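Enquirer: As listed in TrEMBL for this protein:
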- 76-265: domain 'ABC transmembrane type-1' (DOMAIN)
- 15-36: transmembrane segment (TRANSMEM)
- 48-68: transmembrane segment (TRANSMEM)
- 75-102: transmembrane segment (TRANSMEM)
- 108-132: transmembrane segment (TRANSMEM)
- 144-162: transmembrane segment (TRANSMEM)
- 182-207: transmembrane segment (TRANSMEM)
- 214-234: transmembrane segment (TRANSMEM)
- 246-265: transmembrane segment (TRANSMEM)
């Protein structure tokens, strides 16, 4: 039984934790609310001295302008193509690499894991020059392939999946191996069904990383027709800096896919982050 003082201390700690979480949440949510609010305002209202999150006169003109005048749907399509093929290829390649690192012992496996983790610590800007030279050498400038292939190998996905695969009991695979199942069959029939939670988390992280990618499209896209949303939004912000309402509307539209993906996979996302082992 906890003493009265211990209970008071526990309650105090919980109150402080929730208070800190509320403060952090406010600072994280406010910019998003400001963006949505600004997207429904007129240019004159957003420049008022006394700012309010609730627009005085709701207007959809900013969204209509972004969609029909600025043709945001073109860059939206480019981002969808890159995200669709990029996430699928990344998930396939990284899951196979993670399974090999988790289950097969071979010379240099520890070194490879270190390399994968090390790539997570390097900023994208540090790789711009060598990456551009490689892309130019293989003719991957100004096309979708040049924006998709560099994002396929991602150290974070390999690390997260390999750590989860290590927690799966090896006895399950040994039984299948005795029955004559190949490594690929074991991976597709046993490992994948048991790994749905972690794949949900990896899918969300991968999609957000690919959808928000800026450096690679900056290197690859020489023409406006191939630009993705982040690169186009950066150009839009510099061109229409005086009209922040249009930028806010375009940015709001660009965030919708990430929100939808998170809502669809949030259950698997939470399970993938909290599950540390497979319980039979």
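Note that Cβ sites are derived from N, Cα and C of the backbone, with glycine treated the same way.
Each of the listed features needs to be described in terms of its position in the shown structure.
Expert: For the transmembrane segment (15-36), the list of distant contacts is 53, 248, 251-252, 255: same-chain residues at least six beyond its ends, Cβ to Cβ under 8 Å.
Beyond its flanks by at least six residues, the transmembrane segment (48-68) meets 33-34, 37, 39-42, 245-246, 248-250, 253 of its own chain at Cβ-Cβ distances under 8 Å.
Remote same-chain residues near the transmembrane segment (144-162) are listed as 78, 81-82, 85-86, 89-91, 93-95, 97-99, 101-102, 113, 115-120, 131, 135, 195, 198-199, 201-202, 205-206, 209-210, 213, 216-217, 219-221, 226, 228 (criterion: CB distance under 8 Å, separation of at least six residues from the stretch ends).
With a cut-off of 8 Å between Cβ atoms, the residues of this chain six or more beyond the transmembrane segment (182-207) that come close are 83, 86-87, 90-91, 94-96, 99, 103, 154, 156-157, 160-161, 164-165, 168, 172-173, 176, 257-258, 261-262, 265, 267-269, 271-273, 275, 278.
Distant neighbours of the transmembrane segment (214-234): 72, 74-76, 78-79, 82, 124-125, 127-128, 131-132, 135, 140-144, 146-147, 150-151, 247, 250-251, 254; these residues of the same chain sit at least 6 beyond its ends, with a Cβ under 8 Å from one of its Cβ atoms.
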